[in-house]
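Everything on this sheet refers to the single structure shown next.
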Amino acid sequence: TDVNILTPYMSSIPTNDMVQAFKTEGEARGWNVTVIDTRNDFAQLASRMEDTVNAKADAIVLVSTTAELIADQVALAADAGIPVISLDGAKAENVAVNVTSNNFDLGVQLSEALFTALDGKGNIVKFFHSAHPGVYQRELGLDATLARYPDINVIAEHFVQVPGPVDNGRVAMENILRQYGDQIDGVWAAFDDPGIGAELAFEAEAPESKAIIMGIDGNEQAVDMIESCTHYKMSLRQDFAGMAQIGAQQLETILAGGTAESDEIYVAAVPITVESLGVDCK
Amino acid sequence: MTKPEPDLTLRADHAFLTLRGLKKHFGGAKALDGADLVVEAGSVHSLVGENGAGKSTLIKTLSGLIVPDAGEILVDGLPVTIAGVQHAESLGFRFIHQELSLVPYFTAVENAFIGRPYPRKGPFIDRAAMRRTIEETARSIAPDLPLDIPVGQMTTGQKQLVEIIRALIGAPARLIVMDEPTASLSDGEAARLHEAVKKMSDKGVAVIFISHRLDEVMQICDSFTVLRSGCTVGAGRIAETDRAGLVHLMSGREEVRGAAQMPAPDSPVVLRVRDVPYGSRGTQVSFDIRAGEILGLYGLVGAGRSSLMKLIWGAQPHAGGQIELDGKVLRAGRISDRIAKGAAYVPEDRRNEGLITSRSIADNLAVSQLPKVRHQAGMPWTSRRKMVERSEAVQSTLSVKMGSPWDGPLTLSGGNQQKLLFGRWFGQATRLLILDEPSRGVDVGAKAEIHALARRFAAQGAAVLMTTSDMDELMALSARVLVLASGEITAELTGDSLTPTRVIDAAFQHQTEKETQV
Amino acid sequence: MTTFVRRYGTLVALVAIIAAFSIASPQAFGTASNLINITQQMTLLAIVAIGATVVMAVGEFDLSTASVVSFGGIFSVFLFKLGVPAPLACLAVLAAAGVFGAVSGFIVARFEVLSFITTLAVGTIIGGITFWLSNGATLFGDIPAGFRDLARGKSFGIPILTFWLIGVAIMAWLVLDKIEIGRRLYAIGGNREAARLAGVRIVSNTMVAFIASAVLAALVGMLLTARIGSASPTGGGGFLLSAYAAVFLGMTAFREGEANVPGTLVGAAIIAVVGNGLTILGVSTFMQDIITGLIILAAVLVRRTGAQGR
Amino acid sequence: MTTFVRRYGTLVALVAIIAAFSIASPQAFGTASNLINITQQMTLLAIVAIGATVVMAVGEFDLSTASVVSFGGIFSVFLFKLGVPAPLACLAVLAAAGVFGAVSGFIVARFEVLSFITTLAVGTIIGGITFWLSNGATLFGDIPAGFRDLARGKSFGIPILTFWLIGVAIMAWLVLDKIEIGRRLYAIGGNREAARLAGVRIVSNTMVAFIASAVLAALVGMLLTARIGSASPTGGGGFLLSAYAAVFLGMTAFREGEANVPGTLVGAAIIAVVGNGLTILGVSTFMQDIITGLIILAAVLVRRTGAQGR
Ligand SMILES: Nc1ncnc2c1ncn2[C@@H]1O[C@H](COP(=O)(O)OP(=O)(O)OP(=O)(O)O)[C@@H](O)[C@H]1O
Ligand SMILES: Nc1ncnc2c1ncn2[C@@H]1O[C@H](COP(=O)(O)OP(=O)(O)OP(=O)(O)O)[C@@H](O)[C@H]1O
Ligand SMILES: O[C@@H]1[C@@H](O)[C@@H](O)CO[C@H]1O
Ligand SMILES: [Mg+2]
Ligand SMILES: [Mg+2]
């Protein structure tokens, strides 16, 4: 059984984790899993999707992308009778099932945690990347939550450059620190990379600052920072292994002639904090 | 050395350098087809021949740039295979190649040391020592040459001087090969080069001197070799031949020389230049050229002749005054306007300002006259057939030695490249012809053709404005001459007052003034 | 024979690559339908590359290409969301791109600023405008079906996109090789000073080249949006280097050292065929990269073998 | 005065930009500590750009730079994870990069293949190798503290990274401007044919330039990893265009048309200062792009105003 994984974001840590986890799951089931990464290029993603259909793969797994962005090519697969599922994507026509954490909810969860830690008031810096549809949903989650916290202020925001998000976040944070220094109470990072950069900036430029950083992904380096009692206080870990596992199970059912449980399955995210890691930072 | 020896090849055993039976072909074209050359130590040996005869190819075999297909090279009687440029250098050979090859961003000093061992202070280049080394040579060859500006900002003549200086400095040479070193020098600079050549040969250095200026060949060379179609057709001592003899050996024909003519007194003014500010001091120039007249511009290297011609051509906008062609005002800085009104221009630096070397010969000939090679008038489609016809017309009128019109211009010899620049204006009703060093590097035969051509244009009622560094050419074509010095017109000579001496005096006038002031 | 390989080496390489993949995968790669599909897959890249070819004919680079592709997609969807009818929106997009190209061309030719830095700066500005129009987000929805049909579906069994490629390629080839302006552009690219002294107008002709490049890039932005049904503010990012790769591959293909339309098509085809073939063979991403790089090197070197050493 | 502006225009532009930001934000921008910090922020970009300067001195491009930066980071962490001691690992990384550079330089000079396509192909291959080493993932952990100290902390109040910049810049400046090899490289870049006629060895000298560029890019990859504590297989992607922007800005800065180290530093400084200043002023991303583009245009045009029109 030939299963092709297609993604435009292989170099991002969560995507990569998920791809590797799915590969393991698939190989355990005796599938021949091939991974194709198109490096942020959606035109190529469309082409590679067509090639996969032409090569008569038995199933297609889209990772970290919304199938709507290449709806025609997904339809092509459907016409050829090739099942398509997506991980970390969105519900879409011709996609049998999308297994994901709810990105909007992730955004809300992150915002709530940060604002609560700040006692509902203070100045935050926002790192975002709206070009990525999933990450953009988190931003919308932030906006929705902000509406409920009138005393939280976004005093600075930065659109994170990809590739190179860590260093880009670091340089931006250094510069924002110059302007706002002690006024900064929190950092909201739509994904961990710029949050890590922000922590590096605090370490170098304002180690005494009381600001706290929170992000999403459960990126290893971020977890390490939380564990080391830095400004980094929380990261929401998406359960990528879980998503991969559920995705593989669903696909197995479909390949056996069955149907998916539902067209969208949410996998809950787990907050990683000082407490959950069991370290004492006092 | 009491009895003159007519055939030097017989004395090859005395020679420092002997080339025997060299052959080299490029595709179907035979550039060398059994060429022989014998050069004695300390002699100045002239290599002459028509354009495309194979002179440059021959010397490239000496520099290791070209590997001959057959034949042998003997140095001090021993056969050598010249493996490359550095090998040639280590044999004590120095070269001034025909086409200027300098790095435009480098100064004269920096250019002179490319490929040479640099003087050093510790690990670092010693720029002061570099400058000292070249200053000496520069003083004797070209005292006015600016040594510290990028050569890209120099005139063609100045660049030529840099090439010469470059070949003369450094470790003592055994052989200096000069491929048309004086092509863009005026008589003053050329005379200084001649002295330098003399000094070298006195020191025992052999010189191979390639030139189409036969007068200077007669004047400074000891012996000669004539190439025709890649083959040596004669050699001997200069003292035993004369100009006509050389010309005959080169081409099998006699030389035709015409005389300059004044236009009819009632012929109308074609080009009128009025109060155009010009030169570093912004002095204004005004002059007229009448139909049928060939006005000569003369000056030393860097006097500003080319700049003035470019100004008239519209290559730079002029800040004031007026230029009229046939009574119509020319738009400042608009070349296409001039072409539309029947003006034509031949630049002096064919490699950098003339030829588009990446395009074919046919394209080079069509570029200024694209509407003339349309399939059909009014439609912008270009006809390849018409481009070929145009090339063939130019080829036969100017006797250009070339292969296919779709070859690149660099497959032609230097002189034939020069003819292409003329061909560009074929088929145009020319009213004004601007010629900057029109016969730079062309052989006597072709020079006569070019002169005939210029006269033909004039006879048809065009005005011709010409710059030349070659006094013979000036006298042959122009009955009226403007002399420029440091960007100013210092004399207008015509009739009886137009003699080579007066011209040169006027060209130097400014310099002597400057010197007396100091 | 060697002369033939030297002269048409890159074309020979393309044929060899197609043959090799066809043998390796006769059912999936070597079918008519797959080969036709490749022509559709290469269309967007090839059109961008043709624009780059025109700019390279005048001896310049246009690095704003990627930004203009993104801009083309975003601006069209932006206009659709405002309710502008599709034909009008398309014209507006092309016109705006033309203005960007004209600005770059003017600065390059009139002030003799290096095109590399000029178009990088102009591209940065266009990128900013694109982000501003889209708020940084990927836009979808509100794209009229008629617009989407510009890039999907087939006619007589041939994908619509392939027709675009054929049309643009023929146009560009006629312009560069058959009509006067092409000769002027190549003259400028060959020796700008000589062309100027021969009466070729540098400023206006250079502007034409940059306008062509920008308009084609914007067209690709719209076709991309029509093809995938959405527009991302960074959607054009992948085109820049591959487009120039196609042009440079093509420069070694036919006419030595001159960017030319047939050569660019061969270059784009090599890139597209290799991507398609390796995916069909199921080669992993990193191996695809390594093999692609090696194939490109081989394609340009095959031209060189036998060329005289120095 | 006009001559001064024309001659040092780009430098004047840098000073003007710094002055303007200092007035707009005296407390945050115009402080000694911020200005010192900018030198650290520009270090990585500037070192890559210096490598690009060396390659441009021979008149070529090196588009593999971004891949080599990524490779440098990934390969070093890969070696750390294998337990290779840091100094040895660093040497291995630089040596591997040197080999890549030598291959590019050899192909470019010996077979006269355009550097653009050669380095694009070699860069693609390096990208594949990098993905293979990292499995496509960002590598974290096992990075020795001593290695990390190469790029963090300060000494005498000056960031360590700044010392790297100073060291590399002085070295490169000496090599290009003060010793013989520099003259040879510039001769090749200025007129390759003339250099060849004069007996300059084209192949070996060109290889030296590409090796220098690759080694510096790999060094930046390692410094980046040391600075952020992890390595991503695409981490170098952002450097390519900005590095060349710095070089081209610098080419208009001092010596007309020649890539040169002091000019490149001015170019990199302009890019860094504008980024720093605009972020401090809280200008939104898209406006930052637009303003950055305009400032770069202004910086190159200031050189040109008054230059003779054509
Ligand atoms: N690279 C080349 N490719 C093809 N043909 C060439 C090449 N170089 C020279 N030739 C041909 O070889 C012949 C000899 O050329 P060469 O340059 O040696 O002549 P020349 O005697 O130096 O002429 P001139 O006085 O015009 O400089 C010419 O017919 C020329 O067209
Ligand atoms: N591109 C340039 N940039 C700066 N200065 C120049 C440039 N070209 C020429 N000059 C200077 O302008 C003056 C006049 O140059 P021009 O070319 O008109 O002289 P010329 O009389 O034609 O000399 P030549 O016989 O050497 O060709 C010279 O002093 C020269 O140094
Ligand atoms: O979901 C992840 C995000 O968290 C971010 O890391 C970018 O890639 C996406 O796939
Ligand atoms: Mg010659
Ligand atoms: Mg002159």
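Glycine is treated like the rest: Cβ placed from N, Cα and C.
Note that TrEMBL annotation is computational and uncurated.
As recorded in TrEMBL:
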TRANSMEM  D:38-58  transmembrane segment
TRANSMEM  D:86-109  transmembrane segment
TRANSMEM  D:116-135  transmembrane segment
TRANSMEM  D:155-176  transmembrane segment
TRANSMEM  D:202-224  transmembrane segment
TRANSMEM  D:236-254  transmembrane segment
TRANSMEM  D:261-280  transmembrane segment
TRANSMEM  D:286-302  transmembrane segment
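Sequence-distant residue pairs (6 or more apart) of the transmembrane segment (D:155-176) and the transmembrane segment (D:38-58) include at least 3 whose Cβ atoms are under 8 Å, placing the two stretches in contact.
In summary, the transmembrane segment (D:38-58) does not lie against the transmembrane segment (D:286-302): fewer than three C-beta pairs, each 6 or more positions apart in sequence, are under 8 Å. Among the listed stretches D:116-135, D:202-224, D:261-280, D:286-302, the one sharing the most Cβ pairs under 8 Å with the transmembrane segment (D:86-109) is D:202-224. The stretches the transmembrane segment (D:286-302) and the transmembrane segment (D:236-254) are in mutual contact, each linked to the other by at least three Cβ pairs under 8 Å (pairs 6 or more apart in sequence). Within the same chain, residues 10-11, 13-14, 17-18, 21, 24-25, 28-29, 34, 37-38, 41-42, 45-46, 49-50, 52-53, 169, 172-173, 176-177, 242, 245-255, 287-288, 291-292, 295-296, 299 sit at least 6 positions outside the transmembrane segment (D:261-280) and bring their C-beta atoms closer than 8 Å to a C-beta of that stretch.
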